[in-house]
Amino acid sequence: MQLLIPESRIVFASFFIFGLLNNILYVVILSAAIDLVGSATPKATVLLADIIPSFTIKVMAPFFVGLISYRTRIWMLVGLSSFGMLVISLTSDESINAKIVGICMASLSSGLGEVTFLQLTHFYQREYSISGFSSGTGGAGLLGSFVFMLLTNMLGMKVWVVLLLFAVLPLGFLMAFYVMLPKARGGGGDEPGYEALDSLDERSDPSSNASFSSSQTVSLKGHVVSTIKNILPLIRPYMLPLCLVYVSEYIINQGISPTLLFPLDELPHWLFSSYRDIYVVYGFMYQLGVFVSRSSISFGIRIKRLYLLSVLQFANVVITVYQSVHDKPFSSVWLLLALIFYEGLLGGFSYVNTFMSVSEEVSKSKREFSMGCVGISDTFGILLAGCINWSLEPHLCSLQVNRGRDWCLNGGSA
């Protein structure tokens, strides 16, 4: 098979699957947030459970992840994500604490997976590995939100059944890693020679001397200080603008959008049978925008002014807050859906262009480490947004209730 298909396409497809599977459960969980905790509970509850474990492991990863082989990490991803989805889907609606535990397990898998696969791109041509992974993460958002919307909004399937179906998807990691992925190329794809995948694993294996020589005993304090010094130069050019974009977009997605509601009798019943359905459709339009923009590198589109994207995304926060409070400037859900799509475009552009900039501008010797570290910033942004949304959503909802619109309290029913 590999003799008939160009290796570049196989690399792209492998990393596309990695990105797709790594992010799709995260997207589905957020799409189901209103079903998991109900209308009265801030959706930030699910967002924080879905992001704190991921953020924690991303922060800790630079200090220990190099000691765990890529093969071991793949099996960890499968176990954590599949079991987590089983817990979420099979526990009763009243067992919110148990569902939160399942969400946390899936979140750990997502965080470890992003660090792992971004580091793995270092061993392949970035035009195909980064582009494939980025497109896959965008595809996860689009596929996950669309399938969830299709099965629940349109076909009327029980939410727990839909979540149970998604529990089998992580097995695809094994196929992509062991069957599809070609042998690793040394030095980020810029050198002609290849190294076997076993050799790649040796450099991340605690029993190997490739990562730490027995003659080079480094104290824990020295290792931490050295790691922090390597992280600091990445903050201003890459991590901060990406973080700011994610703060803004997740304030919109989980804090503001549950209050951006319209009369159900003015909406098509085949798509919107309850106020809860509006939230799900917003999620799909956002993910559609993310998918389009995260795939933009494949078409040669590059945006290097990363802070511009941060400013534009914050403007969307201002617009949507105004809409929630005053029901202006949008009088139709369709115009608001277009804005949500644009919001997704900005988020996707920021993600893919940030990692492309790291790949192009950071020295080869530090590139693998840097790719893993910069991934912390988007998760930190989502974490900040979750903390803000904890009070923002209830406040916006109370303002609407005070003027006679209690739709935000009825997300699960018409």
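Just so you know, glycine gets a Cβ as well, placed from its N, Cα and C.
Residues annotated as signal peptide in Swiss-Prot: 1-33. Residues of the same chain lying 6 or more positions beyond the ends of the signal peptide (1-33) and with a Cβ under 8 Å from any Cβ of it are 43, 45-47, 50, 54, 77, 81, 84-85, 88, 103, 106-107, 109-110, 113-114, 117, 120-121, 124-125, 127-141, 143-145, 147-149, 159, 162-163, 166, 169-170, 172-173, 175-177, 180-182, 253-254, 279-280, 283-284, 287.
The transmembrane segment feature in Swiss-Prot is assigned to 48-68 (among others); the stated evidence is sequence analysis.
Through the fold, the transmembrane segment (74-94) approaches residues 22, 25, 29, 36, 68, 101-110, 112-113, 116, 160-161, 163-164, 166-168, 170-171, 173-174, 177 of its own chain, all at least 6 residues removed from its boundaries and within a Cβ separation under 8 Å. The transmembrane segment feature in Swiss-Prot is assigned to 74-94 (among others); the stated evidence is sequence analysis.
Residues or ranges marked as transmembrane segment in Swiss-Prot: 100-120 (among others).
Sequence annotations record features per position, and here Swiss-Prot assigns transmembrane segment to 137-157 (among others) based on sequence analysis. Long-range Cβ contacts of the transmembrane segment (137-157) within its own chain (Cβ-Cβ under 8 Å, at least 6 residues beyond either end) map to 16, 19-28, 31-32, 35, 166, 270-273, 277, 280-281, 283-284, 286-288, 290-295, 344, 348, 351.
Positions annotated as transmembrane segment by Swiss-Prot: 159-179 (among others). Tertiary neighbourhood of the transmembrane segment (159-179): same-chain residues 14, 17-18, 21, 24-25, 28, 32, 35-36, 70-71, 74, 77-78, 81-82, 85-86, 88-90, 109, 144, 147-148, 151-152, selected by CB-CB distance under 8 Å and a gap of 6+ residues from either end.
Annotated region 'Disordered' per Swiss-Prot: 195-214, in sequence order.
Residues or ranges marked as transmembrane segment by Swiss-Prot on the basis of sequence analysis: 242-262 (among others).
Per Swiss-Prot, the feature transmembrane segment maps to 281-301 (among others).
Residues or ranges marked as transmembrane segment by Swiss-Prot on the basis of sequence analysis: 306-326 (among others).
Panel annotation: around the transmembrane segment (332-352), residues 130-131, 134, 137-138, 141, 241-242, 245-246, 249, 252, 257, 260, 262, 266-267, 278, 281-282, 285-294, 296-297, 303, 306, 309-310, 312-313, 316, 319-320, 323, 378 of the same chain, lying at least six beyond its termini, place a Cβ under 8 Å from a Cβ of the stretch. Annotated transmembrane segment per Swiss-Prot: 332-352 (among others), in sequence order.
Under the heading transmembrane segment, Swiss-Prot lists 368-388 (among others).
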Leading stretch by Cβ pairs under 8 Å, where the reference is the transmembrane segment (100-120) and the options are 48-68, 242-262, 281-301, 306-326, 368-388: 48-68
Listed stretch, out of 48-68, 242-262, 368-388, that has the most CB pairs under 8 angstroms to the transmembrane segment (281-301): 242-262
Beyond the flanks of the transmembrane segment (242-262) by at least 6 residues, Cβ under 8 Å: 30, 33-34, 43-44, 46-47, 275, 278-279, 282-283, 286, 306-307, 309-310, 313-314, 316-317, 320-321, 323-324, 332-333, 336, 340, 343-344, 346-347, 350-351, 354, 374, 377-382, 384-386, 388-389, 392-393, 396-397, 400, 405, 407-408, 411
Intrachain neighbours beyond the transmembrane segment (306-326), with Cβ under 8 angstroms and 6 or more residues off its ends: 237-238, 241-242, 244-245, 248-249, 251-252, 256-257, 259-260, 336, 339, 342-343, 346-347, 349-350, 353-354, 357, 396, 399-400
Same-chain residues at least 6 beyond the ends of the transmembrane segment (368-388) whose Cβ lies under 8 Å from its Cβ atoms: 44, 47-48, 51-52, 54-55, 58-59, 61-62, 65, 111, 114-115, 118-119, 121-122, 188, 230-231, 234, 238-240, 242-251, 254-255, 351, 354-355, 358-359, 362
